[in-house]
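OK, TrEMBL features for this one:
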type	residues	note
COMPBIAS	120-134	compositional bias 'Basic and acidic residues'
DOMAIN	35-107	domain 'NTP pyrophosphohydrolase MazG-like'
REGION	118-142	region 'Disordered'
REGION	155-184	region 'Disordered'
Amino acid sequence: MNNELLAEFCANIKHCNSDKINMVPAPFMHAVIGMADEMGEIMEVLKRALYYGDKIDNDNLIEEYGDILFYIMLDCMRIADEFNPEHDDDCTVDQVFWSIFKKNIAKLKARYPDGFSEAKATESGRDREAERQAMRKPLKSPPMSVHVYESLNAKPGIDKIGMTNGPKKEQTPKSSRSSIRDGG
């Protein structure tokens with residue numbers, strides 16, 4: 001019985017398998033394989049923290065995120081050479097890079113106009129056409145030199161990469177804080 005099931009399974013694999021390999025640009029292939037490899041390293045950090053109780057190694061994560069950005073920029077260079085996301089005659093790497101941010105923001109605003117909801121996070125709750133329409137709108141991309149905070153219109157107190165704006169302030173102990181009531 002088990003041998004028959006295994007034989008049927010293997011026959012099904014042969015039936016469904018494609019031996020056709022289409023040519024894709026080498027930078028795209030390099031970027032995708034590289035990002036998958038780096039994500040494996042990030043998953044290792046998660047696994048070690050989740051199952052073994054290790055402290056999350058933020059220095060390692062920063063290194064891996066930098067490697068992922070390397071691969072993203074590698075493919076942004078390819079896209080700038082092949083495709084113009086803003087339908088301009090001249091497409092630059094920074095236009096592609098900032099377009100990724102802006103189109104993702106537009107998609108998420110279309111998906112969650114009133115903020116996150118579990119219902120809209122599910123496949124059946126999404127309006128894919130509204131998301132596509134939001135991403136199709138032409139966007140002017142800022143030059144690379146524009147600060148991320150300014151270009152993404154960060155909310156007060158929080159920038160778009162999830163960190164508080166500016167250096168952390170030292171907390172004053174409650175007992176030494178002045179208040180309007182006590183004149184200070």
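Each position is counted from 1, following the chain as shown.
From the backbone N, Cα and C atoms, a Cβ is placed for every residue, glycine too.
What TrEMBL says about a protein is an automatic prediction, not a curated fact.
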Six or more residues out from either end of the compositional bias 'Basic and acidic residues' (120-134), which same-chain residues have a Cβ under 8 Å from its Cβ atoms?
106-107, 109-112
Reported in the order helix, strand, coil, what are the DSSP residue counts of the region 'Disordered' (118-142)?
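Taking each residue of the region 'Disordered' (118-142) in turn, the totals are 16 helix, 0 strand, 9 coil.
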State the mean pLDDT for the domain 'NTP pyrophosphohydrolase MazG-like' (35-107).
90
Within the domain 'NTP pyrophosphohydrolase MazG-like' (35-107), how many residues are helix, strand or coil going by DSSP?
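Helix, strand and coil residues of the domain 'NTP pyrophosphohydrolase MazG-like' (35-107) number 58 helix, 0 strand, 15 coil.
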